[in-house]
């Protein structure tokens, strides 16, 4: 069966969904065959690591019987969002393995893609909120009160989940399954009702979900870095640096990883829009955009499994929390004993 690139599985009306010359640009059959065979395995691996990693992060944050600080509230919500997201990846992997033949019905077609779309918004809005909180702590420390920030963080997270869900409604409503008799498949497609929806979609996807948040992230983190440079001399006098500096270093790493993982997706999504409105044409652009979108999707998926790794390797305070949780959950009989206590036990054992 010939490959059917995703660009041709998305259109503004039924007559344009499967053009007669659709196979004229099938210039990369080997690349598509390799993608169908290899990419699902990588996606399942991401799902496994993301599921275990984000569950672990949530357990570390939520099991101890104490209130979360502001940064932990945001990071726990980010882990929860990633966890919900990776649960939908096996369906995506099976879809690619079947060469875009969707076997799960219309409801799951809408639900899975709606979850993916909601995660896109929730994740980047949480990154903005985290950056804004660090900005307030480091740049305007006198204006931020801990109790007020904690309450604000909870409200902000609830609003982000609600807004992310609302922004995913168009995807939920416009996704549908469509039979393709020529290829003997049933595809899960985004069926746009009018040409104007292409513009609305790119405004939502590239501007609302990336460029505007990116501008806010750059603004906040530029001032954060400037503030950290100003405190460099003070930090050198402290052993290991301040707690705020450690938390900020972790968050900056998360921000950079998020942008690296998601920027290619938005780049190819914009190229897809240009192709849809025929600003760019030709078989080269079609194959380049189709294959690029699949690889960019994969790179974006990795962000959900990469965050727990960043917590472990870049988050010194997170590692401390893991150790505290381990000591809390380990029975006292299994806890490590001091050398002096061990010596006393040894002497008592051999004493007659």
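Glycine is no exception: its Cβ is also placed from the backbone N, Cα and C atoms.
Copied over from Swiss-Prot:
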- 1-41: topological domain 'Extracellular' (TOPO_DOM)
- 13: N-linked glycosylation site (CARBOHYD)
- 21: N-linked glycosylation site (CARBOHYD)
- 42-62: transmembrane segment (TRANSMEM)
- 63-72: topological domain 'Cytoplasmic' (TOPO_DOM)
- 73-93: transmembrane segment (TRANSMEM)
- 94-110: topological domain 'Extracellular' (TOPO_DOM)
- 109-188: disulfide bond (DISULFID)
- 111-131: transmembrane segment (TRANSMEM)
- 132-153: topological domain 'Cytoplasmic' (TOPO_DOM)
- 154-174: transmembrane segment (TRANSMEM)
- 175-206: topological domain 'Extracellular' (TOPO_DOM)
- 184: N-linked glycosylation site (CARBOHYD)
- 207-227: transmembrane segment (TRANSMEM)
- 228-250: topological domain 'Cytoplasmic' (TOPO_DOM)
- 251-271: transmembrane segment (TRANSMEM)
- 272-294: topological domain 'Extracellular' (TOPO_DOM)
- 295-315: transmembrane segment (TRANSMEM)
- 316-352: topological domain 'Cytoplasmic' (TOPO_DOM)
- 329: S-palmitoyl cysteine (LIPID)
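Distant neighbours of the transmembrane segment (42-62): 68, 72, 75-76, 79-80, 82-83, 85-87, 89-90, 92-93, 96, 298, 301-302, 304-305, 307-309, 311, 318, 321-322, 325; these residues of the same chain sit at least 6 beyond its ends, with a Cβ under 8 Å from one of its Cβ atoms. As a quick check, the transmembrane segment (295-315) and the transmembrane segment (73-93) clear the bar of 3 or more Cβ pairs under 8 A, pairs 6 or more apart, so the two touch. The CA atom of residue 184 (N-linked glycosylation site) is located 18 Å away from the CA atom of residue 109 (disulfide bond).
Residue counts for the topological domain 'Extracellular' (94-110) by DSSP state, with H, G and I taken as helix and E and B as strand, are 10 helix, 0 strand, 7 coil. Most Cβ pairs under 8 Å with the transmembrane segment (111-131) belong to 154-174, among the candidate stretches 73-93, 154-174, 207-227, 251-271. Around the Cβ of residue 188 (disulfide bond), a 10 Å sphere holds 24 further Cβ atoms from the protein chains shown. Model confidence over the topological domain 'Cytoplasmic' (63-72) is summarised by a mean pLDDT of 80. Note on residue 109 (disulfide bond): other Cβ atoms within 10 Å of its Cβ, all shown chains, come to 23. There are 9 other Cβ atoms within 10 Å of the Cβ belonging to residue 184 (N-linked glycosylation site). Taken residue by residue with DSSP, residue 188 (disulfide bond) is part of a strand.
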